[in-house]
Amino acid sequence: MAQRWTNDLTWNDVTPEAAYLNRRQLMAGVAGLGLAAALPGAARAEADALEPNTWEEITQYNNYYEFGTRKEDPARYADSLITEDWEVVIDGMVDNPGTYKFDDILAKMTVEERIYRFRCVEAWSMVIPWNGFELADLLEMAGVQDGATHVAFQTANRPDQMPGLAYPVLDWPYVEGLRLDEAMHPLTIMATGIYGKPIPNQNGAPMRLVVPWKYGFKSIKSIVRISLVDKEPPTSWNKANGREYGFYSNVNPNVDHPRWSQATERVIGSGLFAKRKPTLMFNGYEEEVASLYEGMDLSKSY
Ligand SMILES: Nc1nc2c(c(=O)[nH]1)N[C@H]1C(S)=C(S)[C@@H](COP(=O)(O)O)O[C@H]1N2
Ligand SMILES: [Mo]
């Protein structure tokens, strides 16, 4: 008698990985055009060896306090954020200030896949296959003026769509900042997708910053304003607790958080008895970014 077999997998189970493979093939195809080659050499070779987390891990375990402080809250509540007709204000020390439609920005930018390590200050980590464009390209479009030294970013502030804003966990809206040379670095991207699909709301749709050598909280989500300024801008976590969260927040296994060690990290998806691995200096991007901090005392400029 023929053995009965029921398939308990649906296309939902396989689509993200399938899309990912197609994306990889696509990238292999465009490498000759120089798009994939844009990623600095060592980081690019490295990315090929990284094993990304699953779609489920990346989209069900999130920090996005505008939707609640539990890891499962953003996946549950962030659908209420309306991302259609999204606009981004670019202002401050730029030649072309204005309100830009997200769709118009995206049409002008070169979107690439970037597989990056992602290390939260809470000492967990993932590997995420982002799609996005270099922030430098957007800043060049805006025309950065002489004298600008930093870039300030702001998240949407919509109490009707973001239930977490009812709680004074942070001084809303969420704000972040980078030094201009950090913002212009080729590893710094604006992510608009994951696994070749549009970035889900819980991960910061329609456009969020990704700075892979810094703790995750620097990677501000759902950006509505980008301002070129001439001094270090205030940042949400630094305002909340300056002793625990500095402006730089570069991943550094030698500088512990006042309440826990940063020497190792819990690898998300490695099971109940989660595997820990050693945290790497600048999250493994030392070769690319260490020169930005030459001469700085990293225990003081944390
Ligand atoms: N606006 C906003 N951006 C945010 C946060 C947030 O609460 N609000 N959390 C940060 C933190 S602490 C981390 S670790 C990452 C998490 O990104 P992910 O959910 O895509 O993994 O988003 C960062 N960006
Ligand atoms: Mo984080």
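All positions are counted from 1 along the displayed chain.
In case you wondered, yes, glycine gets a Cβ from its N, Cα and C as well.
Annotated features in TrEMBL:
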type: BINDING; residues: Asn62, Tyr65, Glu66, Cys120, Thr155, Asn203, Arg208, Ser219, Ile220, Lys221; note: Mo-molybdopterin binding site
type: DOMAIN; residues: 83-237; note: domain 'Oxidoreductase molybdopterin-binding'
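A map of TrEMBL features onto the structure.
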residue : record                        : Cβ within 10 Å
Asn62   : Mo-molybdopterin binding site : 23
Glu66   : Mo-molybdopterin binding site : 28
Thr155  : Mo-molybdopterin binding site : 24
Arg208  : Mo-molybdopterin binding site : 22
Ile220  : Mo-molybdopterin binding site : 23
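Glu66 (Mo-molybdopterin binding site) falls within a helical segment according to DSSP. Residues Asn62, Tyr65, Glu66, Cys120, Thr155, Asn203, Arg208, Ser219, Ile220, Lys221 are listed as the Mo-molybdopterin binders, and the farthest two of them sit 19 Å apart at their Cα atoms. Note on the domain 'Oxidoreductase molybdopterin-binding' (83-237): mean pLDDT across this stretch is 98. In this structure, Asn62, Thr155, Ile220 are the binding-site residues from Asn62, Thr155, Arg208, Ile220 whose C-beta falls under 6 Å of some atom of ligand 1.
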